[in-house]
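Q: First the structure, which I've put down as structure tokens, then a few questions once you've had a look.
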Amino acid sequence: MVRAKRKLDHIEYALSTGQSRTHGFHDIDFVHQSLPNSSYDTITCETKIGELSLSSPIFINAMTGGGGEQTLHINEQLAYVAKHHNLAMAVGSQMAALKDESESASYKVVRKVNPNGIFFANLGSEATVEQAERAVDMIEANALQIHLNVIQELTMPEGDRDFTGVLQRIEKIVLKSKVPVIVKEVGFGMSKETVQQLANIGITAIDIGGQGGTNFAAVENERRQRMLSYFNNWGIQTATSIIEATSTNNNLSFIASGGIQTALDVAKAIALGANTTAFAGYFLRILMQDGVENLVDEIDLLHTDLKFIMTALGVKTIEELQSVPLVVKGETYHWLAQRGIDTAHYSRR
């Protein structure tokens, strides 16, 4: 019951705290093309994460599950949206269902609603190989997300305090997994050093989960008597984290998440090197406040606007969008300069 109550608390506080930090995309400017030589009608938005082919560079990221009927209903509606738009979708952490079989229905519902969809299972980095296999089987997943949430755990009153051996546990899962493994942050971003460590153990897809979206330090602080307020602004902004990650020059697929709300955010993230983008808090807020059909309509608009932007930039595919010229400025530029990452090549492509 404690875990289920926490799941419901997370939904409540995620909606009430909102996106309290900046994602950094205001520091990214496209170089305008007056002669784009492009047509809206010829644009395609297919992309890939590793060997997984996706019809859109937008997918529904992990949000919830394991909190009884309310989380079942949320996942049921999200799966309906995913089916309508043919989007990939991740479920929230499945540890609740591994501990209590009665909670498995709140995850299994996604496959029931969308039998042919692309779904990602989800567990924390404390998971064992056996737990990872069970999570994948539970929803017949196409991939497995392993989330890294050190700051959330430290801020969580009942959270973990020991993070030794995490990389070794992930490596064991990678070696045994029958589906691709995606490692993701939960709103605090990934550094180039972290990305390199993950690449070294065979990870081929990473969700950088940057600062700018749902602030899980703030969410957990709402549940504490004594707030750890020093964690509320902790992390690497999403735009910065994408550049850090891609600077490692590994042959990896990158997912950009963390405050993504608009088609312009999507376009900038892809132009910085992401293969796809993931929405969570923004979609959840629309679903809970305005209803499922409004979320369906919003995703329609996102795709329309993304195609408008691609037309303006003179590109026809997501791969071409990854090579358009842009300028990195402001705080993002200064951070990257201090980290020894040259951004000039973006503006000279």
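The backbone N, Cα and C atoms fix where each Cβ goes, glycine too.
Here Swiss-Prot flags Arg6, Lys7, Gln152 as substrate binding site, drawing on sequence analysis. For Ala62, Met63, Thr64, Ser93, Asn122, Lys184, Thr214, Gly258, Gly259, Ala280, Gly281, the entry in Swiss-Prot reads FMN binding site, with the evidence type sequence analysis. The Mg(2+) binding site annotation in Swiss-Prot covers Glu153, and the record cites sequence analysis as its basis.
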Q: Just to verify: the residue among Gly259, Gly281 with the fewest other Cβ atoms within 10 Å, which of the binding-site residues is it?
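A: Comparing Cβ neighbour counts within 10 Å for the binding-site residues Gly259, Gly281 gives Gly281.
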Q: Sorted by position, what residues of the same chain at least six away from Glu153 (Mg(2+) binding site) have a C-beta under 8 A from it?
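A: Once residues fewer than 6 apart are set aside, Glu153 (Mg(2+) binding site) is near Gly159, Asp160, Arg161, Phe163.
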Q: What's the number of neighbouring CB atoms sitting within 10 A of the CB on Gln152 (substrate binding site)?
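A: Neighbour count, Cβ to Cβ under the 10 Å cut-off: 23.
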Q: Identify which of the binding-site residues Thr64, Asn122 has its Cβ surrounded by the largest number of other Cβ atoms within 10 Å, counting every protein chain shown.
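A: Answer returned by the neighbour count: Asn122.
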Q: With every protein chain in view, how many other Cβ atoms are within 10 Å of the Cβ of Ala62 (FMN binding site)?
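A: Around Ala62 (FMN binding site), other Cβ atoms within 10 Å: 23.
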Q: For Thr214 (FMN binding site), what is the tally of other C-beta atoms lying within 10 angstroms of its C-beta?
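A: 28, counting other Cβ atoms within 10 Å of Thr214 (FMN binding site).
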Q: Can you give the largest Cα to Cα distance in Å, as a whole number, for the residues Ala62, Met63, Thr64, Ser93, Asn122, Lys184, Thr214, Gly258, Gly259, Ala280, Gly281 that bind FMN in the record?
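A: Greatest Cα-Cα span of the listed binding residues: 20 Å.
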Q: With DSSP assignments reduced to helix, strand and coil, which class does Asn122 (FMN binding site) get?
A: strand
